[in-house]
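> Marked as domain 'RNase H type-1' by Swiss-Prot on the basis of sequence analysis: 1-140. The feature Mg(2+) 2 binding site is assigned by Swiss-Prot to Asp8, Asp132. Positions annotated as Mg(2+) 1 binding site by Swiss-Prot, on the basis of sequence analysis: Asp8, Glu46, Asp68.
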Amino acid sequence: MKVEIYTDGACKGNPGPGGWGVLLRYNGREKTLHGGEAQTTNNRMELMAAIKGLEALKRPCEVDLYTDSQYLQQGMKEWIKTWKRNGWRNSKKELVKNAELWKSLDNLASIHNIHWHWVKGHSGHLENDLVDALANLGIEELS
């Protein structure tokens, strides 16, 4: 099955209250997801959005995943292979930040054939604007 996933994370303060939003599109249908955490960072919320989107898939899929986070897109397309090879350490020999989320995302990604796409945030991209609103709703619902 072919699926489009749009993801976004948001944070009020960094760290601070954060939220994530997801839009899944498949077979002419759409499903939205969102949530939040009281104390987090924007990067953690970007990762959580991708994790939650992939967790929603019931079987292996052909996925086009769209994000406005270069951290997420480059992490999955470029950096993760080196991190794994180096025992989850970066080029400075420091432990990779958010390693537990990267590991979870890597495990989920291994189930699917994923094409990672970067889109410019806050630029009138309809789906990106929607998941941004969902991420902010995740923050609002914390209070």
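Any Cβ shown, glycine's included, is placed from N, Cα and C.
Quantities reported herein were computed from a predicted structural model and do not represent experimental measurements.
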> For each of Asp8, Glu46, Asp68, Asp132, count the other CB atoms within 10 A of its CB; which of these binding-site residues has the top count?
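Answer returned by the neighbour count: Asp8.
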> Cα-Cα, whole number of Å: Asp68 (Mg(2+) 1 binding site) versus Asp8 (Mg(2+) 2 binding site)?
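Between the Cα atoms of Asp68 (Mg(2+) 1 binding site) and Asp8 (Mg(2+) 2 binding site), the distance comes to 7 Å.
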> Roughly where does the domain 'RNase H type-1' (1-140) sit in mean pLDDT, to the nearest integer?
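On average, pLDDT over the domain 'RNase H type-1' (1-140) sits at 97.
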> May I have the DSSP-based helix, strand and coil counts for the residues of the domain 'RNase H type-1' (1-140)?
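Here the numbers are 56 helix, 47 strand, 37 coil.
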> Other residues near the Mg(2+) 1 site, CB within 8 A of the CB centroid of Asp8, Glu46, Asp68?
Thr7, Gly9, Ala10, Met45, Ala49, Thr67, Ser69, Leu72, Gly121, Asn128, Val131, Asp132, Ala135
> Taking just the CA atoms, what is the gap between Asp132 (Mg(2+) 2 binding site) and Glu46 (Mg(2+) 1 binding site) in Å?
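Each residue's Cα considered, Asp132 (Mg(2+) 2 binding site) and Glu46 (Mg(2+) 1 binding site) end up 11 Å apart.
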> Taking just the CA atoms, what is the gap between Glu46 (Mg(2+) 1 binding site) and Asp8 (Mg(2+) 2 binding site) in Å?
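The separation of the Cα atoms works out to 6 Å.
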